[in-house]
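*Asks:* Pasting a structure here, questions to come.
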Amino acid sequence: MTIIFQPSPDQPAPPTQRGVIKWLRDHFFSSVKNTILTFLGVGIILAIIPPLLDWFVLNATFVGNADECRAAGGACWSFVQAQFRLFMIGSYPQELAWRPIAAGLLLLALFIATARQLMPGKVAVVFWLLLPLPIYWLVGGGFGLESVDTSKWGGLLLTLVLSVVGILVSVPLGILLALGRRSNIKLIKGLCIALIETVRGVPLVTILFMASIMLPLFLPSGMEIGILYRVQIGIILFSSAYIAEVVRGGLQGVESGQSEAAASLGLHPWVTMLFIILPQALTKVLPPLIGRCIALLKDTSLVIVVGLLDFLGISKAASQDPEWLGFDAEAFVFCALIYWILCFGLSRYGNSLEKRGYAAYR
Amino acid sequence: MKKITGLLAAGFALFAGQAMAATLDDVKARGFINCGVSEGVPGFSNPNAEGDWKGFDVDMCRALSAAIFNDPTKIKFVPLASKQKVLAVVTGQVDLTSRTTTWTMKRDTKEGVDFTSVVFFDGQGFMTRKQNGAASAMDLNGATVCVTAGTTTELNLEDFARANSLEFEPVVFEGKKEAVNAYRSGRCDALTTDASQLAAFRITMPDPAEHVILPEIFSKEPLAPLVKHGDNAWKDLVTWTINGLITAEETGVTQGNASEQKASSKNPTVQRMLGVTGDYGSYLGLENDWLYNAIKAVGNYGEIYDRNLGSESPLNMPRGKNALWTKGGLLYVAPLR
């Protein structure tokens, strides 16, 4: 009779070496130091989360007036609800609110059409370059639409107009400046360098003050350029100087072999620049370029120093309403949330662009 | 860039030949007033939930608009940051600034503006808890007082204490918010800053009724609308519109009874004011019923005060120094005759 060796089944690992306990030990209690850190971390979380939860949700007031909010003690979300219109469009006339919304939809439609590549790239570029015109026309009126004075624009509307138009104009302008800086014509080169270095040497706040206070001193009394346009031009100048330097970095990063190859094929220098050098350069500098766009969006909040009530400014103004005094925190939390959504969205979109760009040029 | 250089060149070219135009003519030709207001000071000016500008300073502009155009809506409100409030008038960006601005000698003489009539006598005061039982600042001897650092507020407090031989224990904070929060949490017995701000801070307390603003005001902050220096006719117009609103309160003419008073009042001041007798409006280049229109639009001074700062507003500030001179306040304007 042969005895066949029957291995007894494996003992399970001791409880301290498997499952949740092992995971916990490995990750949180692997040494004395880590154990202390773990307890410290848990302590901090326990100290922070419950009061935050209390304020944000449990004691918060979602429906009710200011007195009910103060009595409840938590966040007053009904304040944001009551002032929602003000947050979004400031003093813009309610019955014309469809116009900024239409402008927003136009932007969104063009964005989707471009992202899904529903039209050839060249057509898309032309549409994007022209977009500031319909935006200002829809929001500001004129040419058949009732005109709305820029002093009534405010809130998120103003922030978006300033930043969208700012980005759309300053990117091409920045590219032109960068090309001008590489120009062989001394005059153009000198002018571009002077402009870029002057603007980069001055903080945005100074430019805004110049636009709001100094410029009117130089204008004849009959001549008026609305403060909004002056500020918009200031923002565009500021941003395009930085974009010019970003683009210059990209241009320098394209190997000289590319332009030499194009030259040996007999391509015109303009064609070489437009279709060979620039696309590669822009692809290389997409991350900092998107970074500049995000920075511009956030920089527009500085216009409060010249009395324009952008999204941040209107949040402050809304919390000064005598009916709703003392809810600054809610206004700022709401404000931060919207800014975060906008900036994060822009940054995610930038990421997807980068992936597509690298795939195309690998 | 081209645009800006072009504009600059055009500006310089015309700068020399530019003559001082009469503001009233400009305003009439334009069809509206450019009124500089603050970006948000509770009770004085801020956009409400519908986006309409509301407040005490705002109503002064509305009164002016009604006096000129017989319509209180012919205004473009220009929110001004604190740094711009004087410059915007000087550069002509606004026709007047009605924005909680203190009338000081330097501004009046050196900075190219003229002040019209004082609309609000502000000044530093105390807020304390009712349970402390203080009815006047003299009862605050030995109290801890929350105050912001390095401001005139702190110096005023010291001067006031010395002048009245009181002892305070100042608790000094970097910012106003911190000082208010400290007072709210009970760090100090009293809080000191301008009275108009105390009223706004009081609302943000969990129990506003438990706090009282003491009657003593111990610094001078006369707030007045300002206009560009040199256009006396325009300055007169703004000054006398405000004086008219105050005179209307003196004589008991209100938004509600103005029509009735105009038809039947025997009081010669009221008759002059409402354009029944005399041609006082024409002295300002306006219709003779200019004040009637202003009062119909926004009410007399007392009504404007009550609606925005006083008993009908959440701020609920007592008239205090801003009562008529006949009622123990400082409001005293030259006679309308």
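Don't overthink the numbers, they just go from 1 along the chain as shown.
Each Cβ is built from the backbone N, Cα and C atoms, and glycine gets one as well.
Pulled the feature table from TrEMBL, pasting it below:
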- A:156-350: domain 'ABC transmembrane type-1' (DOMAIN)
- A:35-53: transmembrane segment (TRANSMEM)
- A:96-113: transmembrane segment (TRANSMEM)
- A:125-145: transmembrane segment (TRANSMEM)
- A:157-179: transmembrane segment (TRANSMEM)
- A:191-215: transmembrane segment (TRANSMEM)
- A:227-244: transmembrane segment (TRANSMEM)
- A:265-283: transmembrane segment (TRANSMEM)
- A:324-347: transmembrane segment (TRANSMEM)
*Asks:* Select the range from A:96-113, A:125-145, A:157-179, A:227-244 that forms the most Cβ-Cβ pairs under 8 Å with the transmembrane segment (A:191-215).
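*Replies:* Answer, by Cβ pair count: A:227-244.
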*Asks:* Quickly jot the same-chain residues contacting the transmembrane segment (A:265-283) by Cβ under 8 Å, restricted to those at least six beyond its ends, or write none.
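*Replies:* Result: 175, 179, 247, 250-251, 253-254, 258-259, 289, 357-358, 360-361.
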*Asks:* What parts of the chain pack near the transmembrane segment (A:125-145), using Cβ distances under 8 Å and only residues at least 6 beyond its ends?
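*Replies:* Answer is 99-100, 102-103, 106-107, 110, 114, 119, 153, 157, 161, 164-165, 168-169, 172.
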*Asks:* For the transmembrane segment (A:96-113), could you work out the same-chain residues 6 or more beyond its ends whose Cβ comes under 8 Å from its Cβ atoms?
*Replies:* 89, 119, 124, 127-128, 131, 134-135, 138-139, 141, 145-146, 148, 157, 160, 164
